[in-house]
Each structure stands twice: as C-alpha cells, then as structure tokens.
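Per Swiss-Prot, these features apply:
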{"type": "ZN_FING", "residues": "56-107", "note": "zinc finger"}
{"type": "DOMAIN", "residues": "115-134", "note": "domain 'SAP 1'"}
{"type": "MOD_RES", "residues": "S169", "note": "phosphoserine"}
{"type": "REGION", "residues": "216-261", "note": "region 'Disordered'"}
{"type": "COMPBIAS", "residues": "221-249", "note": "compositional bias 'Acidic residues'"}
{"type": "MOD_RES", "residues": "S263", "note": "phosphoserine"}
{"type": "MOD_RES", "residues": "S265", "note": "phosphoserine"}
{"type": "DOMAIN", "residues": "273-287", "note": "domain 'SAP 2'"}
{"type": "ZN_FING", "residues": "334-369", "note": "zinc finger"}
Amino acid sequence: MKAGATSMWASCCGLLNEVMGTGAVRGQQAGFPGSTGPFRFTPSSDFPTYPPAATEGPNIVCKACGLSFSVFRKKHVCCDCKKDFCSLCSVSQENLRRCSTCHLLQETAFQRPQLMRLKVKDLRQYLLLRNVPTDTCREKEDLVDLVLCHRGLGSGDGLDSRSLSSSRSQTSSFFTQSYFSNYTPPSATVSSFQGELMDREGTFRSEVLTQVQSELASANTDDEDGEEDDDDDDDDDDEDDDEQEENLEEQNPGLSKKKARASLSDLSSLEEVEGMSVRQLKEILARNFVNYSGCCEKWELVEKVNRLYKENEENQKSYGERMQLQDEEDDSLCRICMDAVIDCVLLECGHMVTCTKCGKRMSECPICRQYVVRAVHVFKS
C-alpha cells in the first residue's frame with residue numbers, strides 16, 4: 001500500500017516538474033510573453049524580460065530643404081550663420097562650408113549695387129538665418145540696409161572676439177613654450193586655425209576689391225586711348241588751337257570753370273564755324289544728335305555743322321511765320337467757342353468778340369458787362 005502511494009506521488013511530482021519546466025521555457029521565449037502559459041512568472045527588477053526601448057533624440061533637419069540628415073545626406077555647419085545644412089544645400093570653398101544663401105551674399109562683397117541685384121527672397125532668408133526680424137521692411141532698400149547693418153552677425157562678431165582670444169592664447173603659448181618646451185597647449189592650435197580663417201576671409205574680400213578697381217581702371221584707360229586715337233586723326237592746326245586753349249586756361253584758371261561746352265546757339269554766322277576746333281565741332285554735333293562716326297577730316301565736320309546751322313536758321317524762320325499766322329487766326333476767332341470766326345456785333349455796346357451763334361446766347365457783353373439788346377450778324381467785304 002505504501003509503495004503504491006509513493007509511486008503515485010512520484011509520478012505526480014514528475015508531471016508537475018515537466019509542466020513547470022515547459023512553462024518556464026515558454027515564458028523565456030520571445031514569442032511567448034511571461035503572462036501566457038499555464039503559470040505566470042513575475043520578472044525580477046534585476047533581470048528585465050525585454051530590453052528598454054531606445055530613446056530617440058531630437059530630429060535635426062536641414063535649414064534649407066527641411067530633410068533629415070542621413071548617411072547619403074551628411075550634416076554640415078555653415079561657418080557664417082552657424083546653422084545646420086546638408087551637403088546639397090551648402091557650398092565648399094577653401095576648406096570652408098557655407099550655405100547657399102551666405103555664399104551668394106559673400107560673392108557680392110556686401111556692396112550696395114550688388115546687393116540690390118539680388119532677390120528679395122535671398123535677402124530675407126539671410127536675415128532670418130541670423131534671427132533678424134524683417135516685418136518692418138516695406139522696400140528692398142530696407143532689407144539691404146538691414147543686411148549691411150547685420151552682416152557677419154553670426155560669424156563676424158564671434159570671429160572678432162575669437163581673434164582677440166587667439167592673439168592672447170598665442171602670446172601665452174609663446175611664453176609657456178619658452179619655459180616648457182615639451183608642453184604645447186591646444187588653445188594655440190585652435191587660435192592659429194581661427195587666425196587662418198580670418199586671413200583667408202580678408203584676402204578674399206581684398207581680392208574682390210582689387211579686381212573691381214582694376215576693371216574700372218582698365219575701362220578708364222580704354223576711354224582715354226579712344227580719345228587719343230580720335231585726337232591723332234586731327235590736323236596740326238587743331239593741335240595748335242588746343243594748345244592755345246590750354247595756355248589760356250593755365251593763365252586764367254577761372255576761365256575753364258566758366259567755359260561751357262560749345263553749342264549751336266553760340267554761332268552767329270557761318271564764318272565762325274571755320275575757326276572752331278575739332279572737339280568743339282564734335283560737341284555741337286553730339287548735342288544735336290548728329291552722327292559723325294564716319295568723318296576722318298575736319299572739313300567733313302565743318303560741312304555737317306554748316307548744314308546743321310542752315311537747317312536751324314530755316315526752322316526758326318518757319319516757326320516765327322507759323323506763330324504769326326497762328327496769332328492772326330487767334331485774333332479772328334470767337335472768344336467764347338474759339339472755333340468760328342467773329343461775325344457778330346453786340347448792341348448796345350458795339351463790341352465784336354463772338355460769332356453769331358454765341359452772340360445770340362449772350363445775356364451781357366463779356367468785355368464791358370453791358371446788357372445785350374440784340375446780336376447783329378456782320379458780313380466782311
């Protein structure tokens with residue numbers, strides 16, 4: 001009896017162990033959580049069942065395109081505005097990364113004429129990257145003024161302060177190296193790198209300014225060469241006249257200031273045209289919109305000026321005759337309608353100032369304000 005009871009108890013314990021073992025294994029598998037199965041197991045605090053979920057950081061995106069950074073879209077920091085941009089929205093120049101907006105304005109060298117040629121969108125974006133409000137700007141000139149006031153806000157002021165600190169760190173590193181040759185402070189290397197950045201930026205601006213100045217100088221020299229070529233084609237007499245004029249200007253410096261450019265109204269007769277210099281003849285033709293590009297000799301210019309003078313005299317005469325005819329016609333027109341001829345006498349005053357049609361409508365004379373009794377039509381013989 002006892003042996004049968006013990007064997008039954010052992011079989012029950014073995015069955016219990018098998019059930020508990022399978023439950024424990026199922027509880028540890030990933031597909032079967034701890035709450036499923038015949039037995040529930042409470043996980044201890046020291047050994048959690050599942051690994052904690054990874055906390056995701058803030059999603060940083062590109063300031064220009066708004067896309068998140070990845071392996072193929074690397075993040076770069078603009079050296080001017082200190083904002084994050086991707087590789088497609090930034091430009092690499094001299095080992096420096098700038099965003100497209102800062103690079104566009106950097107190319108203008110912050111000159112007002114060049115900034116006025118840019119789009120309003122680029123100017124506004126440049127100011128927004130530096131946290132400068134643009135709500136009060138109504139015109140493009142306001143944006144340009146703000147850009148000139150706040151240029152280099154993100155990098156210029158910082159670079160100025162860093163340059164001071166770099167100079168101090170360099171001096172300190174010099175003294176420390178003299179006493180401690182084995183120790184090289186890292187601040188000296190950082191300051192030297194910042195100094196190189198400042199030098200590169202200064203050289204870039206100076207190169208732009210020198211290029212603009214050289215272009216202006218070359219343009220001025222081209223103009224002077226063109227004028228010299230034109231003067232070489234003149235005769236010796238013209239050179240003598242120019243020398244005489246220069247001598248007069250040297251003797252009387254106030255005369256050159258008072259002397260104006262030659263005009264057609266200064267001529268009183270055709271004989272004066274022969275005594276004028278080539279430069280004066282060209283000035284007269286240019287002021288009257290006459291082309292003289294094909295003229296190689298002085299006599300050709302003289303002929304053009306003579307023809308211009310004659311045409312001007314004829315135009316003045318014809319204009320005077322037309323004005324006289326117009327005055328006569330105006331004298332014979334009705335003073336009320338200015339359309340019909342005066343052919344009416346107003347009685348009792350006897351004034352003739354209107355046509356018959358207007359005289360019948362008048363209640364009083366427009367000259368003497370006398371009451372009109374009758375308007376009589378008059379025929380001119």
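Glycine too: its Cβ is placed from the backbone N, Cα and C atoms.
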If you rank the modified residues S263, S265 by how many other Cβ atoms lie within 10 Å of their Cβ, the lowest count goes to S265
The DSSP breakdown of the zinc finger (334-369) into helix, strand and coil residues is 6 helix, 7 strand, 23 coil
Per DSSP, how many helix, strand and coil residues does the zinc finger (56-107) have? 8 helix, 16 strand, 28 coil
Under a three-state reduction of DSSP output, how is S265 (phosphoserine) classified: helix, strand, or coil? helix
In the domain 'SAP 2' (273-287), how many residues does DSSP assign to helix, to strand and to coil? 12 helix, 0 strand, 3 coil
